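Please read the structure below before turning to the comments.
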Amino acid sequence: MTAAASTTATKPARRGWAFLAPTILPGFGTAFGFTLAYLCLIVLIPLGHMALRAADVGWDRFWAITLAPRVLHAFFVSFGCALAAALINAVFGLVVAWVLVRYRFPGRRLIDAMVDLPFALPTSVAGIALTAIYAPNGWIGALAKAAGFKIAFTPLGIVIALVFVGMPFIVRTVEPVLQDLDAEVEEAAASLGATRWQTFTKVLLPTILPALITGVALAFARGVGEYGSVIFIAGNIPAVSEIVPLLIVARLEQYDYAGATVIATAMMGVSFLMLLGINFLQRWTRSRHAR
Amino acid sequence: MAIEIRNVEKTFGAFTALGGVSLDVRSGELLALLGPSGSGKTTLLRIIAGLDHADAGEVSFDGQDTRDRAARDRKVGFVFQHYALFRHMTVFDNVAFGLRVKKKAERPAEMDIRRRVDQLLTMVQLSHLATRYPSQLSGGQRQRVALARALAIEPKVLLLDEPFGALDAKVRKDLRKWLRHLHDDMHITSIFVTHDQEEALELADRVVVMNHGQIIQVGTPAEVYDHPADSFVFDFLGGVNRLNGVIEAGVARLDGKAVRVDGAVGADGPAVIYVRPHQVELGVAPAEGVPEGKWSARVSSLHAAGPVARLELDLAGRALEAQLSRDRLSDLALEVGSWCTVDFRHARVFPAKS
């Protein structure tokens with residue numbers, strides 16, 4: 001494959017279909033070969049091997065394990081909470097980015113630095129910190145308890161943990177686009193009679209939408225893969241607040257390697273499909289005005 | 001619509017953008033705000049549009065104070081220097097924007113919007129590009145989209161910020177002519193900002209010359225060109241020769257010889273004599289001496305491409321630029337290194353700045 005690629009690259013432009021469009025940039029063969037080898041070693045071979053191991057158990061058992069109520073529910077919690085958190089972040093992350101870009105106020109740099117904290121912190125630290133606050137005996141948890149509901153040890157707690165870890169993705173992807181926005185475009189909208197709200201929905205939002213979707217996709221992907229911060233706050237009650245990664249660890253601890261591998265493979269499949277879908281969505285929004 | 005501007009002031013930090021500016025814009029005229037960068041012309045335009053707020057003073061439209069009217073309620077069409085088109089919208093949607101954001105009660109039916117936008121696109125000669133996006137257009141086309149978009153809301157005033165600044169020379173000339181025709185057809189009170197004196201003089205009914213946040217002179221292009229109020233205006237409106245001389249007993253003198261000048265002469269002391277290149281009169285040098293009241297100069301370079309010949313002369317160590325017709329040049333038979341006599345048809349004298 002790589003050898004074929006390098007020969008087509010070095011040949012002058014052929015008629016008809018070509019593996020690579022003619023380019024003056026040298027080194028395609030080497031760079032492409034390295035890319036493939038690297039991805040194979042790091043991503044493809046381990047994941048492929050896992051899928052093969054999962055295939056050992058046979059289709060019937062594969063589906064039996066995956067479609068068990070407890071596993072299905074874990075999938076629902078994992079993807080549902082990640083999606084909810086990403087959408088919440090889409091709104092509030094956008095507000096944070098907006099405030100950081102548009103206003104100059106004392107402490108702006110401090111807040112700017114705080115945004116990145118979830119990136120840097122070990123997720124277990126986030127988990128402990130959030131649980132301490134949101135548990136029924138914590139500050140906010142106590143208030144919630146008085147109001148008659150629980151935050152920690154429910155899916156709500158998981159959503160909060162995922163909002164925490166996903167927030168920087170939205171802020172940091174939207175921020176540069178907001179910075180690049182031309183003030184003149186907003187002034188043009190205003191002079192044409194648009195209200196602030198119309199300017200926001202018809203002019204600003206469509207401009208930042210591609211970046212926002214990218215941010216949401218990253219936050220969502222991170223949320224699906226999150227483990228450390230969730231296991232503390234979730235309580236891990238089967239069929240209530242149990243996420244897929246935890247279920248896999250649980251199976252491993254019970255020496256059920258086949259079960260763990262099957263669930264892991266299913267998880268991988270669903271994640272891949274979702275990312276693929278998001279990619280198409282991104283392409284579609286970009287194609288609407290990147291021309 | 002007539003616009004009255006009274007004692008408008010605006011500062012940005014320590015910088016005074018406008019220092020008490022007053023101006024009357026007549027209904028239906030095409031007015032140019034001309035000045036170098038930093039002269040406050042764009043700030044004044046933005047204050048009229050409501051995009052900036054004056055620190056003091058007032059702007060009124062047909063006698064009504066505009067202080068409490070936001071930009072979106074002023075019915076002012078604004079064309080931005082870099083067009084500020086909505087890049088995620090097609091040309092059609094850009095032009096339709098102003099109509100679509102109107103309140104429900106005032107918004108025309110979609111059919112009428114369609115008709116109005118088509119009409120505008122035909123007017124700016126872009127109907128074949130209605131479905132394109134701004135990034136697919138050339139600079140001149142974007143400019144016309146911006147203009148059509150501003151005109152869609154049927155503005156009472158049209159404001160243009162450096163409308164031709166980002167275009168190449170040929171397109172600029174065409175658009176200039178086209179804008180003049182458009183204005184003659186529509187008679188919207190229009191103000192445009194420019195730093196290009198040629199553009200202002202050619203296009204505008206009246207020219208407002210600004211410098212350092214002040215209005216220096218207001219008048220028709222002929223008035224400001226022929227009777228500049230001060231040395232700055234003289235300097236800014238086209239090429240000029242500055243010759244150091246003196247004023248003695250109410251007479252301007254260059255190398256001891258009297259210079260006939262238009263207008264006031266001013267107090268005695270060092271002075272600068274201003275002469276436009278085409279007001280320099282050249283003559284055949286006599287065999288001996290210099291005729292009474294004339295100067296003698298040597299041709300140091302000569303550019304004779306096009307209908308007008310440009311000469312650089314050496315007048316007793318000073319560089320002097322002269323313009324004359326090609327015919328006159330061949331009559332004089334001048335070439336580099338030859339001598340000629342120099343006289344000034346029109347000149348102005350201003351006291352030298354200390």
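Cβ coordinates are placed from backbone N, Cα and C, and glycine is handled just like the others.
Nobody curates TrEMBL annotations by hand; they come from automatic prediction.
A quick note: this is a predicted structure, and the numbers were derived from the prediction, not measured.
Listed in TrEMBL for this protein:
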type     : residues  : note
TRANSMEM : A:24-52   : transmembrane segment
TRANSMEM : A:72-101  : transmembrane segment
DOMAIN   : A:75-282  : domain 'ABC transmembrane type-1'
TRANSMEM : A:113-135 : transmembrane segment
TRANSMEM : A:147-171 : transmembrane segment
TRANSMEM : A:203-221 : transmembrane segment
TRANSMEM : A:227-250 : transmembrane segment
TRANSMEM : A:257-281 : transmembrane segment
Maximum Cβ pairs under 8 Å to the transmembrane segment (A:147-171) among A:24-52, A:72-101, A:113-135, A:227-250, A:257-281 is reached by A:72-101
Please determine whether the transmembrane segment (A:227-250) and the transmembrane segment (A:257-281) are in contact (criterion: at least three Cβ-Cβ distances under 8 Å, sequence separation 6 or more). yes
Are there 3 or more C-beta pairs under 8 Å linking the transmembrane segment (A:72-101) with the transmembrane segment (A:203-221), counting only pairs at least 6 apart in sequence? yes
